[in-house]
Each structure stands twice: as structure tokens, then as C-alpha cells.
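Asks: The active site, nucleophile annotation in Swiss-Prot covers 108. For 204, the entry in Swiss-Prot reads active site, cysteine persulfide intermediate, with the evidence type sequence analysis. Sequence annotations record features per position, and here Swiss-Prot assigns ATP binding site to 17, 18, 19, 20, 21, 22, 23, 24, 43, 132 based on sequence analysis. According to Swiss-Prot, the disulfide bond annotation covers 108-204. Positions annotated as site 'Interaction with tRNA' by Swiss-Prot: 133, 348.
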């Protein structure tokens, strides 16, 4: 059920995080139709230092302003670049330096959109904030739950798993009940400049640059050997940080004599020896894990893990729900899967669900090899 409109005597002030995209634009429209007093806020989270707008921040601000002008609401702007650098980007670099593959969007949601933005909006006198995320919330028994968005192709609960229930309780998600085509229809109906705007993809601060070109600006590359599982050296890599488990493209080791035609995949990143271990075939056994370890989990609301609990999990965005058993260990958490999981990647997030409820998640520390119980 959608959030009810406030009564006339309790007209609530909502500040919408306006990204310059269609989802936040339509969120503002829907809230106005529901009777809220609506304002917008555009966040600048990255400072370009070379004169090139890789993040298209100026274009996005112009689109956000055009939408706010069209629907007749005020647009605030705020610069959270310092907070982003300290709380998101430095962690991003540290993870890559340690050989892991982080997801900065998850940290950005926790530290910027649902912390810095939320605090700033409250300072401006807002009762609530709103975003264009495809998730839903439910208030039940004195707590606020985070639910999957109704559009399975757009559900973004994976990215919001580290946001606490107290923050979710102060947030409205107007498009979480809708499917994307309906959102675009609403934007077209209201003549919004963002109606046909492409969805943003990738990491904002990298933009259109090649990832390797961006990363080498901040971290020195450490070239090393590429080896097969038998220890044969078949090439060289430019740095382990440029590769991730399960990667196929960009290895530069095709056409080897006696190797067969099957493509090569990254199986292991040997950090101690700076070696990339590869193997052939999409179904290579070393690509599959049966369990994973996480040292810390952020729960939307506290849950009881005094005994192992049956849940489902995702180890990547848009993955289907994977049945698993989650248990607390002496050093963290262990999730054991019913079925083998391909390319479980340290540094990425595992997110746990109970049906449509997103319970929380944490960073994958270790992926344990799959051993067939049969």
C-alpha cells in the first residue's frame, strides 16, 4: 500500500533527493498529488578537478531544476563532496588496494543519501525525505521494514540494505509501488524534461572513463604473472585490482597453443604472490562457492540469530533469491547455500531476505569452495 496522504491539519514537508533522473522527478510529482508540501534537493557528491564533467553533474542539476520549475517547487543544492571523499571514496580505494572489489553505491546510500542528506533536510525543516529508489517500506509493530520494490527488474533493496530502520522510517519511496514503464508514462503526462532520459549506470565518479584509467590515477599498478591452476605462466596482468572473480574479458591470453577454444576466466586473485589464477570454461569448479563468510552485517532491524536461520540471499545485484542458512560464528557470520554460487567476490555485498523483506547484509570476506554433498 502506498503511503497515505497527510491530513490537511498535518500537512508534512518532504524534501526529495532530486538526481536529475526520471525516478526522483516522478517521486516529487506523486508526493505533491498525495498532498505533501514538497521541495527538492540536488546533491553534488564529487568535485571534478580537470575541467571535464565526467559525472554530468551540471547536466543533471539543469534537469533537476527544469523539473522543479515545471512542477513549481523549490530546489535546494548541497555539496557533500567532502563527506563522500572521506566516507565513501577512501574506503573504495582501500578495498581495491587490498585486492577486493567494493560497491561504492551501498556506502553512498548509507553515508550520504540516508545520513548527510537526511540530516541536511531535517536542518531545513523537513518532516521526511524521499528518494526515487525502487523499494518500499512497511511500518509494523513499532518498527519500519524495508521491502523489495514491486518491479523485480528494478528492485534496489540490494543497494539499501545497510540503511537502518530509523532512517527508512523517515523516508518515502513513491515509485517503489510502480513499474518503470508506468513511471515514464507519468513523467510524459506531466511534460517533465526527464521523461525519456536514460537511466544512469556505473559509478558516478568514473563516468565515461575506462575504469583502469581512472583507478591508476589513485593507486599504483603492480603488474604480475597470470598462471593456470597447474602453475603454468601464460601471461601477465597489469594489476590485480583491475580484475574480479569470474571475469572473462580483458585478460589478453587467447590463442594459446594446446589450450583449446574455451574462454579463460579469473578464478583466484593470489594477493600474497600478486598472481592472477585463471582457468578455462564457464563451469570451472573453482568458479563456484558453497558458503561465504562476512565479518560484519548491517541489519535494517535487529534479528535473532541465536540459532541458524533459513533465509534467501543475493551475492550480486539482480541475482535471484538463493536459499541459504545463516549462522553467527565466533568471528562474524557464515551463509551456507543450498546450491553452488558462481563468482562469489570478496568486497561485494551479500544481502539477506525473508520473503519480500530486506533484512540487511554485509561485505563478503571469504568465499568457500563448493563441495557437492552428493
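All residue numbers here begin at 1 and follow the chain in the order shown.
The backbone N, Cα and C atoms fix where each Cβ goes, glycine too.
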Asks: Cβ-Cβ under 8 Å from residue 17 (ATP binding site), same chain, 6 or more residues apart: which ones?
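Replies: 24, 40, 41, 43, 113, 117, 129, 130, 131, 132 - these are the non-local Cβ neighbours of residue 17 (ATP binding site), listed in sequence order.
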Asks: If you measure residue 21 (ATP binding site) to the residue listed as 'active site, nucleophile' at Cα, how many Å is it?
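Replies: Between the Cα atoms of residue 21 (ATP binding site) and the residue listed as 'active site, nucleophile', the distance comes to 17 Å.
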Asks: Starting from the Cα of residue 108 (active site, nucleophile), work out which of the recorded positions (19, 23, 133, 348) are within 10 Å.
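Replies: If one measures from the Cα of residue 108 (active site, nucleophile), no recorded positions come within 10 Å, so the answer is none.
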Asks: Would you work out the biggest C-alpha to C-alpha distance among 17, 18, 19, 20, 21, 22, 23, 24, 43, 132, the residues that bind ATP according to the record, and give it in angstrom as a whole number?
Replies: 16
Asks: Taking only the recorded positions 19, 23, 348, which one has a CA atom nearest to the CA atom of residue 133 (site 'Interaction with tRNA')?
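Replies: Nearest by Cα distance to residue 133 (site 'Interaction with tRNA'): 23.
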Asks: How many neighbouring Cβ atoms, not counting its own, are there within 10 Å of the Cβ of residue 19 (ATP binding site)?
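Replies: So the number of other Cβ atoms within 10 Å of residue 19 (ATP binding site) is 23.
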Asks: When a 10 Å sphere is centred on the Cβ of residue 21 (ATP binding site), how many other Cβ atoms does it contain?
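Replies: Result for residue 21 (ATP binding site): 20 other Cβ atoms within 10 Å.
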Asks: With DSSP assignments reduced to helix, strand and coil, which class does residue 43 (ATP binding site) get?
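Replies: In the DSSP reduction, residue 43 (ATP binding site) maps to strand.
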